[in-house]
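*Asks:* Quick one: the structure is below, and I'll ask about it shortly.
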Amino acid sequence: MVTVDAIGPVRVLGGADASSLRFDATRTVHAAMVALDAATLAPIGSAGASRSGGLPYIPGLLGFREVPVLARAFAQLPVKPDLILVDGHGMAHPKGLGVASHLGVVLDVPTIGVAKSVLCGAVEGDFPDTPGTRAPLVWKGAVIGMALRTRRGANPLYVSVGHRVSLGTALAWVERTLRGRRLPEPTRLAHEAAARVRLAAMAAAG
């Protein structure tokens, strides 16, 4: 896992998310990858995949459950992203290797963790409800990510290094892709796409 910038020109952005039912006996995970033009944020490709029989839902070990199917969706993308925003944690994880970092290492593609809740650590310092406000996420005396207010009255996001990006670069890309919403456009579209993959698979299964 590389925690400094090792990234070339970003012309295509990716978004990645997985969807599943926690108590599904088949242990099926549905995943989606989307590709966007980095300059306009217009969608230019998407792919989905499903996988059954993987690990059960174990908090803190989602990478081992989700990365295989996310990698399958990535392989099917018609255009490959230069940078992927992942719905989940990067190094802001008890093991220092959340799903965003795990995916980045497996694919050797720069990734950013964009999570909606804290897995470990605590937000320190003033953190007013003002869009653009940042506060460090600290665990065991080290900054492992940054809490970011993206929309007034909404819960913050927790941005962390995934692979081959610095925290500053990660924050810049998240803020650049917000479009006035709580979630950055790549993960927002990936979340919607993953839900569609899950619903289609459930409908096909009857």
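Including glycine, each Cβ sits where the backbone N, Cα and C put it.
This is the feature table in TrEMBL:
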BINDING   Asp17, Asp87  Mg(2+) binding site
SITE      Tyr57  site 'Interaction with target DNA'
*Asks:* Give me the CA-CA distance between Tyr57 (site 'Interaction with target DNA') and Asp17 (Mg(2+) binding site), in Å, as a whole number.
*Replies:* 15
*Asks:* Starting from each candidate's C-beta and looking 10 angstroms out, tell me which of the binding-site residues Asp17, Asp87 has the most other C-beta atoms.
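*Replies:* Of the binding-site residues Asp17, Asp87, the most buried by Cβ count within 10 Å is Asp17.
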*Asks:* Counting every protein chain present, what is the number of Cβ atoms, excluding its own, within 10 Å of the Cβ of Tyr57 (site 'Interaction with target DNA')?
*Replies:* 15
*Asks:* According to DSSP, which kind of secondary structure is Tyr57 (site 'Interaction with target DNA') found in, if we only use helix, strand and coil?
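*Replies:* Going by the DSSP assignment, Tyr57 (site 'Interaction with target DNA') belongs to neither helix nor strand, so it counts as coil.
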